[in-house]
Amino acid sequence: MTASRVLVLNSGSSSVKYQLLDMADASRLAVGLVERIGEETSRLVHETPGGGGGRERLGPIADHEAALKAVAAELAADGLGLDSPELAAVGHRVVHGGTRFTRPTVVTDEVLAEIRNLIPLAPLHNPANVTGIEVARTLRADLPQVAVFDTAFHSTMPEHVARYAIDAATAREYAIRRYGFHGTSHAYVSRATAALLGRPEAEVNVIVLHLGNGASASAVRGGVCVETSMGLTPLEGLVMGTRSGDLDPAVVFHLARVGGLSVDEIDSLLNKKSGLLGMCGDNDMREVLRRAGEGDEAATVAFEAYVHRLKKYIGAYTAVLGRVDAVVFTAGVGENAHQVRAAAVAGLGGLGLELDAEANGVRSPRPRLISPPDARVAVAVVPTDEELEIATQAYALVTQ
Ligand code: AMP
């Protein structure tokens, strides 16, 4: 029997998301989530999409080790335990790979140490990713653990794109450069867009707009990323649910000198209390749209700021690519909010962008074109699937 299953783990600071996929047909055997780890009110939700119904477990789960053991027990109860010979690998989402990791990597002690060394670049994310790998290794030592990095797809950006125009020695000393994030999503969606267009990936230039609670844009030439909007951290670029995106770095000095805020307070302000939330009090685009529809001024300005930034990036990346074959929307906002898509593309006829209003209004879980058939640039909606991409990359690595 060939082992064809991959368990995908996405370990956050207080949560673990997981999916068990069968790579023979890319089907989901189990999908679940443990949240509020370390609190009294922890919750595990476990579903088997193929049938069997879902289960919910409430009650304290002390740490990531307990969480992964609980996940393993749920899988075992469905006959999908980690001891199964059909399991080929565990694929771990790791947020920051620095310049060291540019492709999926089988975890060894050395690799784990190097991922730990990258914690200063991603202090909110990499520690939980490391813990997830450590615990998964103890549950089944013989199974390959594969780290798949959010930054890896962007490692092909040319040097002059990745560099900030600051003192070179300082940049080198502190590893300050643009890394980019959401890479598994940009990789998956740009490839799926070429498939939707029915053209080889190598011939297609795509602008991917990943608009979730976090949001990023990328310019992909022939399957190779040449530019992305997030930088040293996920703070740079588009207006997001709670992050400011681009701003004059002197805002930070001003807040420190004039406002008396500490570095940690400014970090929290820009990452957690800015973006849509900061501008109007809601980070969920559904609420922003509802309030803007009722004439709420703060929500309207927040929506307009969000769309304006998107337009700037579409224009900039059109210039970077020279020729654009498709602009594609993905993630929670991009897949669902037809108003955002319509507003982002409005007035960009000069760049070859037009929408078919009826197609844009259709709700569907499938990849689809929302531009008229004769448009110079295709506009598309392609649902992202980061778990499938992680599983695909991990499986390819362990079966090559
Ligand atoms: P993600 O990070 O990809 O899960 O996206 C989450 C975000 O998608 C939420 O914060 C919402 O702002 C947004 N979202 C989800 N569904 C809708 C919808 N029907 N309309 C507008 N925005 C949505």
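Backbone N, Cα and C atoms are what each Cβ position is placed from, and that goes for glycine too.
Automatic prediction, not curation, is the source of TrEMBL annotations.
Sequence annotations record features per position, and here TrEMBL assigns ATP binding site to LYS17, HIS210, LEU211, GLY212, ASN213, GLY214, ASP284, MET285, ARG286, GLY332, VAL333, GLY334, GLU335, ASN336. Look at TrEMBL and you will find ARG93 tagged as substrate binding site. Residues annotated as active site, proton donor/acceptor in TrEMBL: ASP150. Annotation comment: TrEMBL describes HIS182, ARG243 as site 'Transition state stabilizer'.
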Rounded Cα separation (Å) that holds between ARG93 (substrate binding site) and ASP150 (active site, proton donor/acceptor): 7
Residue pair ASP284 (ATP binding site), ARG243 (site 'Transition state stabilizer') - Cα distance, angstrom, rounded: 12
Recorded positions near HIS182 (site 'Transition state stabilizer'), in sequence order, restricted to LYS17, ASP150, ASN213, ARG286, VAL333 and a 10 Å Cα cut-off: ASP150
Candidates near ligand 1 among the recorded positions LYS17, ASP150, LEU211, GLU335, judged by a Cβ under 6 angstroms: none
Site with most surrounding Cβ atoms, counting all protein chains shown within 10 Å, from the recorded positions ARG93, ARG243, ARG286: ARG243
Where the record names LYS17, HIS210, LEU211, GLY212, ASN213, GLY214, ASP284, MET285, ARG286, GLY332, VAL333, GLY334, GLU335, ASN336 as binding ATP, the maximum Cα to Cα distance in Å: 24
Cβ neighbours of VAL333 (ATP binding site) where a neighbour is any other Cβ within 10 Å: 26
